[in-house]
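K.L.:
The structure's right below; bear with me while I get my questions together.
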Amino acid sequence: MTGESLDGSLHALTIELDALRRENANLKQQLKEKDGACGELPMSLEEFQRYGRQMIVGETGGLSGQVKLRSARVLIVGAGGLGCPALQYLAGAGIGHLGIVDNDVVEESNLHRQPLHDTSKVGLLKCDSAKEALSRLNPYCSIKTYPVRLSYANAFEIFPSWDLILDCTDSPMSRYLISDVAVNLGKTVVSGSGLGTEGQLSIYNFENKGPCYRCFYPIPPRPGSVVSCQSGGVLGPCIGVLGIMMAVEALKILFGIYTLENFKPFLMQYSGFPYQTLRMFKMRNRKQGCLCCGDNPTITKSTIESGHIKYEAFCGAINYDVLSKDERLSASEFEANYWSQKERGFVCLDVRPRLHYEISHLPGTYNMTVKELDEMEGSIEELQKHIPVITPDLDIVVLCRYGNDSRLATRILKDKFKLRNVRDVKGGYFAYIDEINPSLPKY
């Protein structure tokens, strides 16, 4: 190619570049005119329309308040009964960035109280199901998922990039961990819990000034005293109310309604039955001697990450590993060696709560709870008042819902009542349904 042809090509490219620049400038001007005469807008016109009826509520702070939400980063730990409604309303309100920590999968038994999920999502990770639903609800919301179980080993990797934490978990162990990590990172926590038809919520470590969860509860609950949703049940709308109230508290924090000058620690208690009631209790400020947020804390980032803080042991987790392999039966072994036999020279004791037992049970079984067994003196005569046919040498098979309480009951029967031939069914009543008789109802 000659110098003359190169000059010609360069000239042509220069002309084309100038044309593209003019086109770009025209497009920018058209966009400005479309957005209005007020110049650069902090949101798209679609977002103005979407959040308009929220922005005109005085408490939200108008446009400036909405811009705060748009840039906010909120992490929700747990996409269950509390997390689902909280996520829905926070995404709907226009939170710009949401994080979801949950390693559970959607089960059919979740759907009555976790409205982000639906039947088609059964078997999917909850965080993925929630992300899909929230993205349909609000495409302007960026969502990051963490399909992991929160632990001391990963909490300090997950929490730092988020402005606000919502604790929507269902165990004291998780609540202590979340609070401890939040204190060490200077994060505020909105914490809720619910069971049956009631629940409560609080705000911990507001603006890193306390109080924290340990200030409220320096002593953990007694082992076995904490009832889960699986065993105690939950009414969907009641837990939903609490999740929505958590979203309200989160928005108040992000709007700047609460300040260091006006914030007072509180505990809010909700009850759905027999009449709906909501009570607010004033709580004390940060305890100077608190092990985490006090003047001389011993619960630090290093002690947490090292595993030195034994959350499970501190919260009195029940040790179910109390039987040898020989003291346990599979559902198939129970069916073949006991239940299917015409001559039943054994007793089957179902230790689920009475309400569970009445929903569904195997015919001919007896029903007593672990608590009832534990509270007895330990004489065979006392036990015979409830199970007349029982003798010290009779074969006894113990059944519960999942195969946990039955282990404890088996140990009690052998150690306290000195019964020789007692075994439990691994996986409990539900394992029997899955493996032997799927026509029985699960609940």
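Glycine is no exception: its Cβ is also placed from the backbone N, Cα and C atoms.
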K.L.:
According to Swiss-Prot, G81, S109, N110, L111, H112, R113, K126, D170, S171 bind ATP; identify which of D102, D163 is listed for that same site.
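P.N.:
Of the residues offered, the record points to D102.
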K.L.:
I need the nearest neighbour of L111 (ATP binding site) among the recorded positions C215, C290, C293, C400, using C-alpha distances.
P.N.:
C400
K.L.:
Roughly how many Å separate the Cα of S109 (ATP binding site) from that of C212 (Zn(2+) binding site), to the nearest whole number?
P.N.:
33
K.L.:
Return one of helix, strand or coil for S109 (ATP binding site), based on DSSP.
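P.N.:
In the DSSP reduction, S109 (ATP binding site) maps to helix.
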K.L.:
Closest of the binding-site residues to C290 (Zn(2+) binding site), Cα to Cα, picking from G81, R113, D170?
P.N.:
D170
